[in-house]
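Peer 1: Sharing the features that TrEMBL gives for it:
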- 54-161: domain 'Fibronectin type-III' (DOMAIN)
- 164-258: domain 'Fibronectin type-III' (DOMAIN)
- 262-288: transmembrane segment (TRANSMEM)
- 342-603: domain 'Protein kinase' (DOMAIN)
- K374: ATP binding site (BINDING)
- 632-695: domain 'SAM' (DOMAIN)
Amino acid sequence: ACQRGFYRHSLETKHCLKCPPNSLSNESGATSCSCNAGFYRAPSEGQNVACTRPPSAPRNVSFSLAGTQLSLWWQPPSDQGGRKDLTYTVCCRRCHFLSCEPCEPAVVFSPSASGLTRPAVDVDGLEAYTNYTFAVEAHNGVSGIGPASQRTSPAVWVAVGHAAPVTVSQFILTQRDDNSLSVSWLPPRQRSRTSVEYEVMFFEKGEEARYTVKHLLEPNVTLRDLQPDTAYLLRVRSITPLGPGPYSPEQEFRTLPPDMGALSGGVIVSIIFGILLFIGLCLGLLIFRRKQARRRQARPDYNTSGFDREKVWLKPYVDLQPYDDPSRGVLEFTKELDVSCVTMENVIGEGEFGEVYRGSLRLPGKERVVVAIKTLKSTYSDSQWWNFLREATIMGQFNHPNIVRLEGVVTKRRPMMIITEYMENGALDTFLRENEEKFSPVQLVSMLQGIASGMTYLSEHNYVHRDLAARNILVTRSLQCKVSDFGLSRILENDAEGTYETKGGKIPIRWTAPEAIAHRIFTSASDVWSFGIVMWEVLSFGDKPYGEMTNQEVMKSLEDGYRLPPPVDCPSILYELMKSCWSHDRLRRPHFQEIRAQLQHFMSSPHLLRPVADFDPRVTLRLPSCSGSDGIPYRSIPEWLESIRMKRYISNFRTAGLDTMESILELTAEDLKQMGVSLPGHQKRILCSIQGFKE
């Protein structure tokens, strides 16, 4: 007979077999081995198979939330129970106070909610302003056999806030007559709509360049003062605190024809007179344009030598160059406002030409609107006066939701004024620094997509901005970004090294393409380079490009093929787009239309933003911690952490007993992790700074 711990299948078996792992025969002569407490065999497994147990709980369940789209990931169990058939199940429950219920079918898991073989899942279809719990269970072949208490499942609590903007759909024409249209649409599916606004763009069919934009709080609009029997095209997008969504496809609606039988004889005579007057104006405009064309032909060509493959200075917009009196050009392309309609309230900044005010504009028959007012100082020079008028002329010719809108000018009274729409959140770089890490990658991409849309519009008009930077992007209350600052001669930086002086004027080195620095060749491709720098500014929440490097160090590094490092926690796909904008060959840089399309794709597929970019020392600059200092330039750890924007970890360093700068020199990534610095991007920033001290 077999001893304890051994067994024999049957009497015909000659030799005793040792019990498989985690099993035991309690008496001699046993024909099988029973599993130890807590261990089991699956129903399909024979007596010769080792006993196994259910896995322990998954570890470190984490999530990222972008609007109503959730990404969950976790680490495998520390004990898989001795099996290899590990799978996961994610359980979703929607909670209201202390009561929770299973999630509705509209919540979709990708690839699925059960049978997962990888420790990650994407969840879509969540409702805004709703609380959820997500529990992750680990299973193997014996999970259903043991007691339920062994199947532990850690859970995370997710509070969904604002919904991401969605494409508006299902338009309904609710009412129309000969001069108005009333249209409604289906609002987004979410529990609370208090934070949803709408932007409506409409224009007469065939007149795309002359459109009007309205901002609304309700999903309906009435368009008034329209032409009879005329087709109008309308596009709508929703705006949430996460930013604006994509525009809907164009919807066409037509006003009713006028009732000609009801017209009196006097009205008919007035119409005929109006038609004749219109024909006369058209003939006069045609003669004027022909004279302008002959005058432009007499002007010299502005093409810059050195690059023959494309013409640099294409300007379908009209500059002030042909005008002997610049004020004539301003009157042609801008609206002169009565100064009595303008009220200046308080100073909000110092512009290139003078002070900038917050104020109001009340036109006859219209509501009061808040505006920004640029003034021309009383001691202006001729060149400042010319550039002031030039900026107004350029702005007056642009009409796009991502370009700052010109309301009008005051040129007949002093001080002269440029009145534009008011942007509540001010300049983008300052706004990001004041709200560091408060925005998700999807929100940041939404901001960049707006800037790219505005730059696409400018490039299609062959306008080259030449000073595209976060400081020249303004932000609305709904986080919509708009391109501004169209002056030719600019005050670019407060510090002495902010610009590089050449024969042609000042250049903002840190934002400017190499060919523009070397040869003063400015094209849309050089604006694309600058857009890559703006991307870096946005993803770093307003950091200064190239840190404390001098302009000469920046230019030398670019010539050697080095580029800015990825900002902390920068999605790798965005850093790749930045680097494509920084191609030394300008013909290999993407066009703004391509950039806009890529950013729109990233917004609709937020899972692409999850992988974080790595630091590549072969092609990436290691920014100095403090230019001009030898060794360790900081007196204390708090001062150092604050300089690299990691002051949140001051208490972590104190708890770890690190109180001098010398004590941090040998820190490793594992040390930082044990100290509570768990984010890889933050570890990277701290270690790169320490490496700079050693070098």
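Just so you know, glycine gets a Cβ as well, placed from its N, Cα and C.
What TrEMBL says about a protein is an automatic prediction, not a curated fact.
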Peer 1: Compile a sequence-ordered list of residues in the same chain as the residue listed as 'ATP binding site', six or more apart from it, whose Cβ lies below 8 A from its Cβ; state 'none' when nothing qualifies.
Peer 2: G351, F353, G354, V356, F388, M417, I418, I419, T420
Peer 1: Where DSSP helix means H, G or I and strand means E or B, what are the helix, strand and coil counts for the domain 'Fibronectin type-III' (164-258)?
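Peer 2: Counts, helix then strand then coil: 0 helix, 47 strand, 48 coil.
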Peer 1: On the three-state reduction of DSSP, what should I expect for K374 (ATP binding site)?
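Peer 2: The three-state answer is strand.
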Peer 1: On the DSSP side of things, how many residues of the domain 'SAM' (632-695) fall into helix, strand and coil, could you say?
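Peer 2: So the domain 'SAM' (632-695) is made up of 42 helix, 0 strand, 22 coil.
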Peer 1: From the DSSP assignment alone, can you count helix, strand and coil residues within the domain 'Fibronectin type-III' (54-161)?
Peer 2: 3 helix, 54 strand, 51 coil
